[in-house]
Every structure is written in C-alpha cells, then in structure tokens.
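J.: Quick one: the structure is below, questions incoming.
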Ligand SMILES: NC(=O)c1ccc[n+]([C@@H]2O[C@H](COP(=O)([O-])OP(=O)(O)OC[C@H]3O[C@@H](n4cnc5c(N)ncnc54)[C@H](O)[C@@H]3O)[C@@H](O)[C@H]2O)c1
Ligand SMILES: O=c1ccn([C@@H]2O[C@H](COP(=O)(O)OP(=O)(O)O[C@H]3O[C@H](CO)[C@@H](O)[C@H](O)[C@H]3O)[C@@H](O)[C@H]2O)c(=O)[nH]1
C-alpha cells in the first residue's frame, strides 16, 4: 500500500521505517529540513535501538523516502498524523497547533477513499473536530484515530509487534470501510493474533490518555510507598517484589526512584486533567494532580539526599551525575528527571558534571550551562558523590572497587535502585537508594 507519514520524530520516523519494513511504499513528510535530509541519507535523527539498522536495510528497497513537500502525500491510501502535541507553555493543556497545521495542510492532497489516521496523543474530542476538516476538503475520505503505545528504547519492536491495535472510527462499527483499510496496513502483525479493537473516536482517544495515566499512577504509587519506606526504614524494592507477585498488581512499572519523565507521561497526565476540566469532569482526575506532585517531589528528594550524602552542604561539592536521558536506551531529554536534578544541584552550589552515552547533544541544547562529559571515567574523577540517575547498563554494571579508585569520596546515590547495596557497602561505599535503607 502507499502510505504517507506526517511528522517524522520519535514516533513518525519509526512508524515510517516499520511500515516500509512491512512491505508498504512509504513517504515520510516533515517540516524540519535537517531531519528530512538525515533520514533521506538513511540515518536516524535520534538514538533509538534498531532504527539505524532498519533504515540501512530499507535503503535500497526504494520503499522509503522522506521529503518536506506535503504534496508528496497525494496518491497515498493512508496518511498517518504523527506530529508533536507538547504541553502548552504556562498551561497544563496540550498544544494542538502542530496537529491542526498538519491536518489543514494534508487536507488539500487527500483523495476519495483515503484514510487519515491520527497517531499523535490528543485530548478527547480532537478527532471529531479534525474529521470535519477532512470531510470538508474531501467528503469521501475518512479520519480515524489510531493511538500509538510504543515505548522509546523499544520503539521498533513495539511498532512491529504491539500489544494491541486501537481503531477509533466515526460510527465505532467494525463494518466501517476504514477498518478494512487499516487491517491491510497492519496485516502482518494482525496475522500473529495481535488483538484489534474497533471503537468510537472518544473511546479510542481515551484509551491512550487512560493508559498513560495508569502507568504514571503506578509509578507514583510506588514512589509514595518509597516515601513511607524512608520514614520507617523499610525497603521499597523488596516491597515491590512482594506486591508484584500478586497477578492483579504485577511487578512491571513498580520501580521506585527519581520518577517518570519524557515527552509523554508528564505532559499527557496534565493535558488529560486540563481536558477533563473543560468537560466539567475535573473532579474525576484530581488524583492525577497528586500523581504529578509525588513525581516532582522525587526530584527534590534526590537533591536533599545528595546534600545529606555530602555532609550537609552542596557548596563546592563535585557531583558526578550518571545519566541525562529520561530513560536508558534513548537520547530523549524531554522533562528528564536526571537533568532537572542536576540543574538544581548546580543552582545550589555543587560542581556538577553530567555524563550519558547518547543524550549529551540534546542535554546541551536544553541545559547549556551544565558541564557535560562523554567519558565515564573523567566524570567520576575526584567526585565527592556519584549519582546514578538514568539506569544505562554500563552504570548498572559498574564495579564498586574500580569506581572507588577514581573518586575523591566513595558516596553513591542510586536514584533508580538498581545497584546491590550490600556489594557497594562491602567495597567501602556510603550507599543511599530511594526508599531503601
Ligand atoms: N515519542 C513516543 O514515544 C510517543 C509514543 C506514542 C505517542 N506519542 C505521541 O506522538 C506524537 C509525536 O511525538 P514525538 O515524540 O514523535 O514528537 P517529536 O517532536 O519527536 O516529533 C514531531 C515531529 O513533527 C514534525 N512536525 C511538526 N509540525 C509539522 C507539520 N505541520 N507537518 C509535518 N511535520 C511536522 C516536527 O518537525 C517533528 O519532527 C505526540 O503526540 C506524542 O505524544 C509519542
Ligand atoms: O517502574 C518504572 C517504569 C518507568 N519509570 C520511568 O517512567 C518514565 C517513562 O518510561 P516508559 O513508559 O518506559 O517510556 P516512554 O517511552 O515515555 O513510554 C510511555 O509513553 C509513551 C508515549 O505516550 C507510550 O506510548 C508508552 O506506552 C508509555 O510507556 C521514564 O522516565 C522511566 O524512567 C519509572 O520511574 N519506574
């Protein structure tokens, strides 16, 4: 099938490559000429495991190209909207200007029978509004909402083999002709038995908002337990292990630490609260305010614990921060807990050095005043305290004896609770976790 992808960022570039991998003829369209040039050269414009290999594999197939010209969408049967929906500046709500602009621009090139499939995360009610724009331009085209659930760091595998497909169609009916069109797009993963749910627009949009809210709530729940553990001397990691053995609860997404960040969970729960307010249902989501507050408190806690670790003051203390990305296996620093803690430590007088295997270029753009160091050993050199804030494998695998020889004082704050406290203490370290004795 001929497919266009509008917006080639973390979601769209992966979706474009994966659709070509499934055998479709794909054009990716983005307003960012630099990104289009890189993708056209077969290079991923960001770090995502397996994406570079996939782009290389597809380079000579002729099934994947990129352009800044929206007219290239003409002739595609399906058009995926993958542009950003960031948080509005100074407000909780989502900024829909990119989605609106993309749909407006695309509408001129839509033909009878085409399907425009929204993948961006949008407030409930957006699809119904955008459907009017599409049908005004082409009455025989259909807008569907097909939310995306991929995780960064696993984006290729998640796109090729998702847990489920959600199709939001105008009448919510399996018989809607757009359902068969999307089924052809996803024929290969559907053939493996991937569940596919056909829903109305509002329910489909809400699945995405509810899923991210649930994930955020699960993380803040265990981080709230970490606060109680800190007050009682209990161990939140062992608590999570025990809780997770109950099938109804499950161990996944129960890792306490510095909290959630990234380009999705924080802004999505805020946009959901804002939308509920507009709909007069704000009380229903007031718990998300608490979820957000618990999450932000974790970053402050890291600063407090570092001060304690350094004997009561941060002034002039050399702090090695391991991790800048919001999670491992990504170069994404949007709302990164590691970087916000590092910036706060610097503001309070510490001499901070941040390292990360992939995210330093993005970190430099967001926090130009933070000293960044690509080399792990150089970062650790003469440190008064080490903070593990993003759990990259190379940091989890560090040998406490080797690291001890590099630092000035053997003090470590394990912001993701991934190290073995007994092993580090046995090597002579003062170890602190979050919610762990
Ligand atoms: N990143 C993820 O893991 C992920 C997962 C699921 C859903 N989402 C949702 O997908 C959407 C995109 O997220 P992202 O992380 O890829 O953002 P991103 O900022 O990485 O990418 C957005 C891209 O859209 C482009 N763009 C903006 N306006 C455009 C226009 N008018 N025409 C063409 N291109 C345009 C930008 O240049 C950019 O390359 C958001 O709604 C996000 O919430 C993201
Ligand atoms: O037990 C956990 C699990 C995650 N995190 C943190 O939570 C954040 C988000 O992690 P994750 O959800 O794995 O990454 P994302 O790539 O942001 O993916 C989320 O956001 C995407 C965009 O909406 C959705 O598509 C995904 O389903 C959803 O998991 C990161 O900062 C993690 O460090 C924790 O602190 N504890």
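Any Cβ shown, glycine's included, is placed from N, Cα and C.
TrEMBL entries are annotated by machine, without manual review.
Sharing the feature lines straight out of TrEMBL:
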type	residues	note
ACT_SITE	264	active site, nucleophile
BINDING	30, 35, 85, 121, 152, 267, 334	NAD(+) binding site
BINDING	149, 150, 151, 152, 208, 253, 254, 255, 256, 257, 261, 327	substrate binding site
DOMAIN	320-421	domain 'UDP-glucose/GDP-mannose dehydrogenase C-terminal'
J.: Using DSSP with the three-state reduction, classify residue 267 (NAD(+) binding site) as helix, strand or coil.
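T.: Going by the DSSP assignment, residue 267 (NAD(+) binding site) falls within a helical segment, counted as helix.
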J.: Which residue, out of the recorded positions 254, 256, 264, shows the minimum number of other Cβ atoms inside 10 Å of its Cβ in this structure?
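T.: The recorded positions 254, 256, 264 were compared, and 254 has the fewest Cβ atoms within 10 Å.
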J.: Compare all C-alpha positions of 149, 150, 151, 152, 208, 253, 254, 255, 256, 257, 261, 327, the record's substrate binders, and send over the largest distance in angstrom.
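T.: It comes out at 24 Å between the most distant Cα atoms.
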J.: Could you work out which of the binding-site residues (85, 121) has its C-beta surrounded by the smallest number of other C-beta atoms within 10 A?
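T.: Looking at the binding-site residues 85, 121, the Cβ with the fewest others within 10 Å is that of 85.
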J.: So which binding-site residues out of 30, 35, 254, 256 end up within 10 angstroms of residue 264 (active site, nucleophile), measuring C-alpha to C-alpha?
T.: none
J.: Given the binding-site residues 30, 35, 85, 121, 152, 334, which lie within 10 A of residue 208 (substrate binding site) by CA-CA distance?
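T.: So the list reads 121.
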J.: Take the domain 'UDP-glucose/GDP-mannose dehydrogenase C-terminal' (320-421) and count its residues per DSSP category (helix H/G/I, strand E/B, coil), listing them in that order.
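T.: Result for the domain 'UDP-glucose/GDP-mannose dehydrogenase C-terminal' (320-421), in helix, strand, coil order: 33 helix, 17 strand, 52 coil.
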J.: Name the one residue among 35, 121, 152, 267, 334 whose Cα is closest in three-dimensional space to that of residue 254 (substrate binding site); these are the binding-site residues.
T.: 152
J.: Have a look around residue 208 (substrate binding site) and count the other CB atoms within 10 A of its CB, chains all included.
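T.: If we count other Cβ atoms within 10 Å of residue 208 (substrate binding site), we arrive at 24.
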J.: Give me the CA-CA distance between residue 30 (NAD(+) binding site) and residue 149 (substrate binding site), in Å, as a whole number.
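T.: Cα of residue 30 (NAD(+) binding site) to Cα of residue 149 (substrate binding site) measures 21 Å after rounding.
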